[in-house]
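Colleague: There's a structure below that I have some questions on.
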Amino acid sequence: MTSGTRDLSTPRVEMRGIRKRFGALEVLRGVDLTVGRGEVVGLVGDNGAGKSTLMKMLAGAVVPDSGEIRVDGTALTGSGPRAARAAGIEMVYQDLALCNDVDVAGNLFLGREIYRPLSRRLDHKRMHEEAAKDLATLHIRISDTRQLVATMSGGQRQAIAIARAVTFEPKVLVLDEPTAALAAREVEMTLQLIRDVSTRGVSVVLITHRLQDLFEVADRFVVLYEGVNHRQMTPSETDLGGLVTAMMGK
Amino acid sequence: MSTETVTPPTGRADRRGARQDFVHRNFGVLSISAVLAVLFVFFSVQTDAFLTTNNLVNVARQVAPTVVVAVAMTFVITTGNIDLSVGSILGLSAAALAIVAESGSAVVALVLALVLGLGIGLVNGALTAFGKLQSFIVTLAALTAVRGLALLITDGYSTPITSDFLLPIGNGRLAGLYTPTWIAVVVVAAGWYVFNHTRFGRYVVAVGSNAESLRRAGVDVRRIQLAVLTLTGLVAGLAGVITAARLASGSSNSGTLFELEVITAVVLGGTALMGGKGSIIGSAIGAVTLGVISNGLVLLRVDVYWVPITQGLILIVAILLNARLFSGISGQRT
Ligand SMILES: Nc1ncnc2c1ncn2[C@@H]1O[C@H](COP(=O)(O)OP(=O)(O)OP(=O)(O)O)[C@@H](O)[C@H]1O
Ligand SMILES: [Mg+2]
């Protein structure tokens with residue numbers, strides 16, 4: 001909505017007929033989700049509706065029982081986090097998924113550490129420098145990238161998780177409750193970040209219970225209810241009340 | 001819904017965090033070094049024999065197997081796993097070395113002793129990583145089975161080693177120190193490098209800290225677990241070779257309770273049994289401390305039964321200190 005024309009004809013992400021059962025509980029019962037290039041989709045639904053589970057599947061962290069996931073037309077179903085990351089999908093997990101005993105730079109570079117090829121020695125210096133640079137670019141105020149994540153505040157940890165997801169130029173950015181622990185200024189910065197990356201063509205899926213935020217950045221809402229796609233609408237078609245009603249399955 | 005608590009980031013908190021980080025990272029090594037220094041001074045003052053070149057060179061040789069295996073065990077414990085089978089592997093490797101060397105080639109015996117350790121470690125690792133069993137249970141089973149195997153192949157007897165190729169591994173000297181000491185020095189240096197300066201070391205910490213986080217980052221956690229347990233097996237085999245070569249005999253009984261000594265050394269050095277935090281240097285100093293205690297008490301002519309009692313007490317004190325200090329810092333652990 002904020003940035004001119006977008007090519008939505010070739011979807012960047014295509015999830016079809018996704019099903020997932022945990023024991024007796026069938027969390028997802030054939031869910032579809034399409035996200036275009038540069039599109040910001042607000043994924044909403046009640047607590048336990050299966051939003052996080054659906055997005056973990058896109059990020060490769062959870063394998064669907066059935067259904068199909070395509071990114072830029074290439075099948076990516078159940079091929080794991082490494083393949084998903086390689087395909088350009090980055091996710092800020094609701095539980096953040098940081099390593100408390102590893103420092104800030106180590107968390108930012110987890111899984112793609114910089115090292116010297118011959119000695120296989122980690123290039124600590126470069127990782128700390130780049131981490132500091134990346135954090136500064138994102139206006140995240142963390143003075144020391146050598147600090148252990150265990151000692152940091154909830155908001156700082158959330159900021160690190162966001163920084164990790166956006167730093168490596170993803171094609172698809174999934175944000176699962178990225179602002180839950182953030183102060184007002186940081187929330188505004190995160191929303192601006194979403195606008196910025198989507199202008200550059202990055203597709204974004206935003207999960208948040210701060211519905212007013214969704215009206216600021218989302219191009220489209222997808223409402224999950226009891227494991228199925230319940231409604232789909234644009235911000236211009238509805239208002240806060242309408243969205244809440246849809247989330248309740250009406 | 002998020003369970004995160006909101007704490008406003010402030011500069012003061014940052015600084016306090018950085019200072020806590022320093023203590024957090026170095027407390028284990030600092031405290032065990034202090035303990036070792038105190039013991040060192042104590043035994044030097046209380047006995048004539050302790051602070052002599054001869055005695056110290058011997059202590060440095062005696063502690064080598066523990067130091068070597070403690071380095072590998074640090075990797076295992078930092079991932080949040082444990083390896084209880086190292087003592088039994090040591091016994092099997094020592095016995096196999098002596099038996100094969102007696103009836104054939106010393107080189108083959110050496111290779112076989114190491115491969116046995118590696119193979120058992122591989123089985124431990126595979127069952128833990130891919131079989132999704134707890135390493136505690138897997139290596140407990142191995143502890144029993146491997147010791148049985150060692151007794152089976154030796155019939156309970158020990159076998160003398162006479163090979164000129166093997167004996168120097170235990171008794172050779174270079175620049176005043178015995179070969180086992182040099183092996184230990186090399187293993188500690190290599191372990192320190194890998195632990196602190198390679199991706200593998202970083203992932204070992206990450207597995208123990210938050211394995212799911214590492215998995216989501218695209219790293220195969222199972223391969224890390226397989227690797228660390230294979231490594232302890234191999235290194236326990238090496239410790240068997242060192243021990244047998246030093247004693248000039250391979251016995252299936254060697255290494256009884258060795259696993260407990262190694263784990264004690266690692267915990268003394270500040271490695272967290274829950275994983276996520278380890279120190280190679282700390283483990284090495286921990287192993288040396290245990291060696292100094294038993295040596296010093298023997299020199300004091302204290303009843304030999306006081307050795308395990310003292311070691312146990314020191315372990316308890318170290319763990320209490322660790323728990324006190326870290327409870328305030330690791331509170332956010334999820
Ligand atoms: N690994 C798991 N094992 C068992 N049940 C699970 C697992 N993961 C999710 N669930 C269940 O699946 C359901 C959907 O969970 P999910 O986290 O996807 O919901 P959500 O829409 O993200 O909710 P919230 O808004 O509270 O974050 C919940 O009932 C949850 O208990
Ligand atoms: Mg969720």
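The backbone N, Cα and C atoms fix where each Cβ goes, glycine too.
Take a look at what TrEMBL says about it:
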- B:27-47: transmembrane segment (TRANSMEM)
- B:59-77: transmembrane segment (TRANSMEM)
- B:84-101: transmembrane segment (TRANSMEM)
- B:107-129: transmembrane segment (TRANSMEM)
- B:136-154: transmembrane segment (TRANSMEM)
- B:174-195: transmembrane segment (TRANSMEM)
- B:224-248: transmembrane segment (TRANSMEM)
- B:280-299: transmembrane segment (TRANSMEM)
- B:305-326: transmembrane segment (TRANSMEM)
Colleague: Is it the case that the transmembrane segment (B:280-299) and the transmembrane segment (B:27-47) have 3 or more CB pairs under 8 Å, with pairs at least 6 apart in sequence?
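Modeller: Result for the transmembrane segment (B:280-299) with the transmembrane segment (B:27-47) is yes.
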Colleague: Assess whether the transmembrane segment (B:174-195) lies in contact with the transmembrane segment (B:84-101), where contact requires at least three Cβ pairs under 8 Å among residues 6 or more apart in sequence.
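Modeller: By the criterion, they do not touch.
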Colleague: When only pairs 6 or more apart in sequence are counted, do the transmembrane segment (B:59-77) and the transmembrane segment (B:224-248) reach 3 or more Cβ pairs under 8 Å?
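Modeller: Contact confirmed: at least 3 Cβ pairs fall under 8 Å.
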